[in-house]
Amino acid sequence: MTTKRDCIVVAATIALMLTGPVETRNCTNILGNNCREGLLLPLWKPTEQLCLADRILRGLIYLLALTYMFLGVSIAADRFMGAIEVITSQERSITLRKKDGSKVKIKVRIWNETVSNLTLMALGSSAPEILLSIIEICGNGFEAGDLGPNTIVGSAAFNMFMILAICVVAIPRNEVRKQLHLNVFLVTAIWSIFAYIWLYIILAVSSPGVIDVWEGTATFLMFPLTVLTAYMADRWLSLKKFVPMRYRADMVGLRAVSSGRETPKAEEDSMIDLLQNKRSFNVEEAEFEQQRKEYLRILRQLRQQMPDAELSTLQEKATYELTKYAKKSRAFYRVQATRLLIGDGNIVEKSVKKTTGRLKRRDNVVSPKQATSTCKVCFNPCHYTVLENVGTVRVRVERRGGRPDLTLMVDYRTEDGTATAGSDYVAGKGTLVMGPDCIEAFIEIPIIDDDIFEEDEHFYIFLDNLQVKSREGNMVDPETVRNARLAVLETPSIATVMILDDDHPGLFSFENDTYDVAESTGDAIVKVIRRTGSRGRVLVPFATADGTGKAVIDYEPMEGALMFENEEVEKSLQIGIVNKEQYERNEYFVVTLSKPVKLNAPTFDEMDTHEQTATSVPINERIEEMGQPALGKINKCVIKIHESREFKNAVDMLIKKTNVSLLLRTSTWREQFVDAVTMNPSVEGEEEEEPAKPTAATYAVHILTMPWKLMCAFVPPTDYWSGWASFVFSIVIIGFITALIGDLTNHFGCTVGLIDVVTAITFVAIGTSVPDTFASHVAAIQDKYADSSITNVTGSNAVNVFLGIGLAWTIAAAYHAYNGDQFKVHAGTLAFSVTIFCLEATACIVILVARRSKSVGGELGGPLRYKVATAITFVALWFVYILLSSLESYCIISGF
């Protein structure tokens, strides 16, 4: 209902325009008044009594020069938009409190997307039109001209009708694009139409033919008002988008209201945490989380497609895809379109290749530690567990690296721990010799077996006094040969041997009371250890139980028993972990052991009864009780499930790599000049393993545009002053080229017989809008939504009037007021053109809104019949606008 009401109000206002008085125009000597000297370029004289061949030749030269200037201003605007992208992508760090109480720092953009699109982005994409209006005013002695204002109106018509027509038909078959921020679109659409209604009011109603200072100032001040209302609409929409209705924040706190949709519990908790963490809801934080979830989704999809690929391979493969489909600004699409036009290659492809090259070079670097020539001697492994009836334990000593021709000699000795030499093991001492090419040797220590029940005991083996002998048999000091170590004892140089008593069934417990498991491991391996004996077959029951982690959802529930065979001292439980591929995860469940049961238990007569003690308990019962298996201290363990660090780091790395502003960033002048003269591959090869070779046309365009590229290479890199240095210098270059365009346009019209009004709404409007056309075409295909293609058109149309015409007319009106004069503007042609545009733009917006119905599904694309019909209608509206405006300009038809 709101949309219909707004349309009725707009239509009524336009109808009132038709009754307003308009200053009549003198239609005599139209062409003669069009010839004048340029601001920078002199007029090619003579201009009168030229034959047809001369006019055609001069016209072609001017047209080619204009085309070359349009190419130059597009390249300069490319540099300008790169600076704007860097400026608007600046980030700030904020701290968030997670549900578990921990804090995490994230980076969010300082600039709101809607604000940047309507300010710097609009200025960048429409800089030629805006500057042309200002330069024309200043160049004409602060008198009104037809070229600047009509270029803005003509460009608005081309954007509204032709660009949108191209975007509608560009969507692939059976696909549709719908606007996500409809409120922002409606606000900018209303402002874009009101902007031209306001032009009519101040030209024909308020003070016909005269622009007062207050009118120019009011026009200019509507620019920040447009930005403010669009920002409010965006924030209101974002709040509704990211916060469930039943947890909407108000001045008091959280207030529960009804909601028409169910929100998953995890999302609700996350939103509540965000709301409680901040006094006012921060939309940027929620957008960051949503963006991260999108990265997770894409990476999971790639992992499903390539399940056997290494994560590093997935990262390299995913970088291009993620960057290609990541959310991009209007500046990126404008720069990409310009670079494709001038044969400068694909920005995303070039950036990914540079990043991959840097990663490969980094991976191929060999550290000095890896290149060492020192022999390292140590135990491997350093811990041994044996039964006391094992006979002899063999302890391995390993040699790694260094020169293989050396003979190494190392002393060893045993030392008591809880085990005692002579009663538990045979003490050992000697020298271990490792000859040339020998990489391992063994120390053998006998273990003494007895029939006495006792605790598990251990002893140590030490290595020391490492000596080196050369191949010739000479002793060599390992520390002082050419200031380099030939050999060294490395940790571990101490081995521990644990002797398990084999006269008891054992105490059964978990190895640890807590296990931390990454969800990507697939299974949690939990060890159950048998201590203080290993006699007999024992059954140990176990079962899993829920904690914060739930069975089936987070892990595979298990219940059963572990069978320990005679003399078996270790078993492992393998519990399946459900891999949710979450960015952050913190859940746990519990595994519990129950009382062990001894199978085939021997009778008392079969048991050794050598240990006799004075006690009131009968000896038979005490020995039988001591011979039963039991649980150890750790009979319950907690399995904590956390996110995969590797997967999380991969997501973080991909987020950094897919920062679109990095693709447009330059750091040195050298980089800019190299890019200016380098020939890039043809764009056809961007999806292939090997890029296609540059074509002859690509070479020709590259050579043709090299002067412009070299000139723009002098602009400071975007890393200087956070992009502002490049911003200022770029706009100076654009202004210079725009002044040349203004002069050439006037001279072209003078030569071929076209007045400035017609030239402005056709040649100049189309020439300055070509990069925007390609940018919108690419954005329509690649983006998930239609906002970048549509809202930027309506927003730019409004900003162009308020900023381009408003600023120029404010300056001129102030100048005339200071000199006691009036700033006069011929209203006839501009008022007629504005009125036609308003009527047709309203029809265009109504059609776009109507396409959101179920039969079509969205503003862009949809069924073929609707798509073609919409495009034909928009193209027809543009031709009607051009035709009527041109006929009125030449007084063939009368205005209102």
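Every residue gets a Cβ built from N, Cα and C, even glycine.
Not measured: the values here are computed from a predicted model.
Marked as domain 'Calx-beta' by TrEMBL: 363-464, 495-594. TrEMBL lists 1-24 with the feature signal peptide. What TrEMBL lists as transmembrane segment is 56-77, 147-171, 183-205, 217-237, 722-741, 798-818, 830-850, 870-893.
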For the domain 'Calx-beta' (495-594), the mean pLDDT of the predicted model: 86
Secondary structure composition of the domain 'Calx-beta' (363-464) [DSSP: H/G/I, E/B, coil]: 1 helix, 53 strand, 48 coil
Interface present between the transmembrane segment (870-893) and the transmembrane segment (830-850) (three or more C-beta pairs under 8 A): yes
Whether the transmembrane segment (56-77) meets the transmembrane segment (722-741): three or more C-beta pairs under 8 angstroms: yes
Closest-packing stretch to the transmembrane segment (870-893), where packing means Cβ pairs under 8 Å, from 147-171, 722-741, 798-818: 147-171
The domain 'Calx-beta' (495-594): DSSP-derived helix, strand, coil residue counts: 3 helix, 58 strand, 39 coil
Beyond the flanks of the transmembrane segment (147-171) by 6 or more, those residues with Cβ under 8 Å of it: 126, 129-130, 132-137, 177, 192, 196, 742, 745-746, 756-757, 759-762, 764-766, 768-769, 772-773, 776-777, 779-781, 786, 789-790, 793-794, 796-797, 800-801, 804-805, 808, 829-830, 833-834, 837, 840-841, 844, 848, 859-862, 867-868, 870-872, 874-875, 877-878, 881-882
